[in-house]
Amino acid sequence: MADDFNHQLNHKLTLRVASISLIAILFAIIFRPLIVSLPSYFTWIAILDFLLVLSVYFIIRSNRLPQWEVAILLSSGIITITPLLLISGGVNSQFTHILPLYPIIAALLGGKWESLCVGIILVFGIIVFSFFGHQVADLTGDIYIEEKSYTRGFWLTITLITSTLFGRFFLKRYNKLTEQLKEENIHDPLTHLFNRRGFNFHFNRNLNQSLLTNSPLSLVLIDIDFFKKVNDKYGHDVGDVCLIEVADTLASNIRKSDILARFGGEEFILVLPETKLNEAANIAEKLRSVIFQRTYSDFNLPLTITLGVANYSEQNTSQLKIIKTADKALYRGKEKGRNRVELA
Ligand SMILES: Nc1nc2c(ncn2[C@@H]2O[C@H](COP(=O)(O)OP(=O)(O)OP(=O)(O)O)[C@@H](O)[C@H]2O)c(=O)[nH]1
């Protein structure tokens, strides 16, 4: 899930940066003549740059080269800026102001290695340009003295190194934040079990695996009995503590490969991969028993659960069907007096 999510996010970001670059170049082509008068070949270079970024945009949009799209975008960024620097004073050019953004964008879209590569390429370019800066006229026709080009080159190098380091720092924070958001997105804040979203993803993945390998898979729906009475008598906060303790008890009595989630208010759902219906019934019975054997919250409240068990079979091949079958079994369990396991 994380990989898929990361790819989607990166793809969207890369496409966004490509489209922003396109708009920026288009603006430069249209409005630049109104602001400054430059040689006509500047427009031709800008048009070529626009066509290059346009093709990069469509390559990224097609999603045909997912592993290469960041590298393609970053290379096109360097390729588009180089002729502009060459005709506008090299290291003394106004365009050098954009350069410190490159390692940060590279860190955001790619990662620390991409940022480092871009940083090294740019620093190398700046060193080379520094030696020629005084020989090239800038956009206003100024020729720079050697010393000024070296000073500019020196400070640009420092800025680029700083922005590369900043990119790495920024990336760490960004990764931490996205990781946190992803975790929050798929977990229930009260019990810290998977929420429905997290459950759906993992259930689907396990179900597909079972369909492919024809291996067994069972599902248990778990509902706390008469939970409303706990809330009504002791308050919602005590109810919350009970929910947390029930969740912890369930979680500590299952295998690592099993998927336990909070399905709704006082309802939990458990997926048991590689488990036949009769084995799932035994596990459900064990869970019923451990929940029954202890007490909950500071009030030492006794709680029981009712469990409905179903499995993946020829009739039950979809996620929805298996859950519905388990739900019917659970309902039967409630009707028969609760604190019991019912099989589909
Ligand atoms: N404290 C607390 N209570 C919750 C939460 N989510 C749902 N509930 C409560 O769970 C109770 C569920 O009540 P019912 O659906 O009537 O079920 P029950 O009382 O457990 O009865 P049976 O399921 O028929 O045995 C309601 O009182 C809800 O308010 C929660 O996050 N915290």
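A Cβ is built for glycine as well, from the same backbone N, Cα and C atoms used for every other residue.
Database features (TrEMBL):
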- 215-344: domain 'GGDEF' (DOMAIN)
- 13-35: transmembrane segment (TRANSMEM)
- 41-60: transmembrane segment (TRANSMEM)
- 67-87: transmembrane segment (TRANSMEM)
- 93-109: transmembrane segment (TRANSMEM)
- 116-133: transmembrane segment (TRANSMEM)
- 153-171: transmembrane segment (TRANSMEM)
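Listed as Cβ neighbours of the transmembrane segment (153-171) (distance under 8 Å, sequence separation of 6 or more from its ends, same chain) are residues 91, 96, 99-104, 106-108, 111-112, 115-116, 118-119, 122-123, 126-127, 129-130, 133. Residues 10, 13-14, 17, 70, 73-74, 77-78, 81, 84-85, 115-119, 122, 126, 138-139, 152, 156, 159-160, 162-164, 166-168, 170-171, 174 of the same chain lie 6 or more positions beyond the ends of the transmembrane segment (93-109) yet place their CB under 8 Å from a CB of it. Nonlocal intrachain contacts for the transmembrane segment (116-133), taken as residues 6+ away from its ends with a CB within less than 8 angstroms of a stretch CB, comprise 74, 78, 82, 85, 89-92, 96, 99, 102-103, 106, 144, 148-150, 152-154, 156-157, 160-161, 163-164, 167-168. Confidence across the domain 'GGDEF' (215-344), taken as the mean pLDDT and rounded to a whole number, stands at 95.
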